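Structure first, then comments.
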């Protein structure tokens, strides 16, 4: 008698639910991924990646004549798409090894070689992602080695930031000049004031601010006025305000820069490649870039995103395919080779980015600037206070380095620090990774050897000796 009642929902379910819910599920997921958790916080978080993005893009534009307008348009689209797909502030950063080779050897490594290196790197990452090999690598690499890569990258960012703050920079030649003056529109005092302002507003990070709020709420011992002042201070978009100050100072340094603007997008053309460009791009660009992309752009990003956003776990294969497709599309048209990066993710999270809307907003800004001003925007970027960029990069690097604080055992800390030391001093994440893996395996082998059952004599508390030694000791 009860069976007909149980069969009713079974007849209704397959005919209606799949057709009506599929489009709504997609739209709902996109809306959820792009929604702003807090308008000012997401806007502030969008500035967290500019300390890395602007110096490299500016250096490539000045040294090898990179098409800035095309790069802004494509990277803006990348930001919007990745924000909609992943729902977290997934950054879009320049491929640093390829950029370093181009800046240091601009005469022989020009735009065709840069784009060939990006296409080759993207193709390999796409292959690793589609075949599932990247996910296998992600599962096999020990956490201590990943933390070592993150710590070395974070410290490298921080040291570069301090160099930006203390020294005059020539991005077109990737060289530092003399000491920066204390006063002026790009002086040390400006950078120090900006850094202190960010520390006062943001503190040491989210955990510290939450702890302060808990202390305030305990027993109501804090005065209401003081509590309100702290909340207002914590809500200020510090990074956005610092960046806006830099833009204003750039126009003050050179008011005539407005007359250099050429409205309209730059012409987008297909890059012409020669056999020599493919060869040079692969040997000098792809080979040194590939280990960094695998480790920092895929492995470290996946681990950091799972730490910062526990409900948003991405497969390494997905991120690898994302990086591959970006470069297989944009590099043919002269857009800078790009990747995701743990440093950019940490920087955007540090300043309040919590959703895909954060990077989507940054993407819209890039897209508008690329379509309206094109490559003429380089005039403004060239006047931007480098010390201010150094401050933004400093906090992004520190936030990334702090991800390694969960190494609680001495063995894990030992492996992490070995990996970090070799990566920094050797200027190679691949070399540090290799040393970290070797040290990890040696420690596991040593542990395994210690856990093996002892010999018969040792198990009975008798130290092992050779037969001749035992005979001689008995005779004595």
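For all residues, glycine too, the Cβ spot is worked out from N, Cα and C.
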Checking feature assignment: transmembrane segment per TrEMBL, candidates 109-134, 135-160, 265-290. Which range matches?
109-134
Tell me which of 232-252, 295-315, 316-336 corresponds to the transmembrane segment entry in TrEMBL.
232-252
Best-contacting stretch, by C-beta pairs under 8 Å, relative to the transmembrane segment (232-252) and drawn from 182-201, 358-378, 414-443:
182-201
Recorded stretch, among 68-88, 182-201, 358-378, 414-443, maximising Cβ pairs under 8 Å relative to the transmembrane segment (384-402):
182-201
